[in-house]
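The following features are taken from TrEMBL:
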- TYR4: site 'Interaction with substrate rRNA' (SITE)
- HIS19, HIS42, SER96, GLU114, ASN139, GLY140, ASP160: S-adenosyl-L-methionine binding site (BINDING)
- ASP160: active site, proton acceptor (ACT_SITE)
Amino acid sequence: MLSYRHAFHAGNFADVLKHLILAKTLHYMTQKPTPILYIDTHAGTGRYPIGNSMSQKTGEFERGVGAVKEQLLDSEFAPYGEILKRHLSNGHYPGSPQIAADLLGPRDQLRLFELHSTDFPRLSQWAGADRRIKVSQSNGHLALKSLLPAIKGRALVLMDPSFEVKQEYKQAVASLGEGHKRMPNATFLLWYPVVQRTQIVDMIKQLRQRPIKDVWQFELCLSPDTPDHGMTGSGIIAINPPWTLATELSALLPRLQQWFAPEEGHHTIQNLIPE
């Protein structure tokens, strides 16, 4: 939805999970020389100034990255921690486009989509003259039809909808299905909030009905599920993730849980659909 502004939430605990997984996935993929097409369907502004009125209004950065930035420098969190340190020292929190731009090479391509009329100009300004990057003020879900399959053989798609309306859950599954149909060997990362558990259960049920294999769920929650409104956690649905990712996260998610929510937190690592 066009009302959502990620600047209010940049650097919160959900971003730590999402961007840790994104950085780990990109780092793994860049070990091979074949060029990568990176697609970000909800790109935001690329990076976010810390300490401005938007981030201060919610306090989510201080309770998220701000509270654990030193711990994230541990080598096990690389390359996310290294990227974080570099950009925080310059007064910004790196969003997913910034993380991708930092990790991808000169032969890789970034295709970034953002509909919000205020955020898109900032995204365009951030991209600047980087020839690897093309930005578009259009629907990232629809772009998968034109961009996949990747001409040069490898692709990573990050989908990060706001989920402000219930229809976005069905839209996310439909987009995953369409993208996977067009390029079955691509890697897909779908971020989701834990607000109403039934929405996530239904989303996974819909995924199981599609001919998609190698699907994983990685989730970090700060408190038990509740029928009331309010985000208690977040997760990533990953299709064709690096084979090393689940093992790495089995060591890292318990640490994040201990840092953010030692008493009521919980995490999930689950192979939803095997290869």
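Positions of Cβ are set from backbone N, Cα and C atoms, glycine also.
All annotation found in TrEMBL is predicted automatically rather than curated by experts.
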Quiz item: SER96, ASN139: which of these binding-site residues has the sparsest Cβ neighbourhood within 10 Å?
Solution: ASN139
Quiz item: How big is the S-adenosyl-L-methionine site in terms of the longest C-alpha to C-alpha distance among HIS19, HIS42, SER96, GLU114, ASN139, GLY140, ASP160, in angstrom?
Solution: 22
Exercise. Under 8 Å Cβ to Cβ from GLY140 (S-adenosyl-L-methionine binding site), same chain, six or more residues apart: give me those in sequence order, or none if nothing qualifies.
Key: ILE39, ASP40, THR41, HIS42, ALA43, PHE113, GLU114, MET159
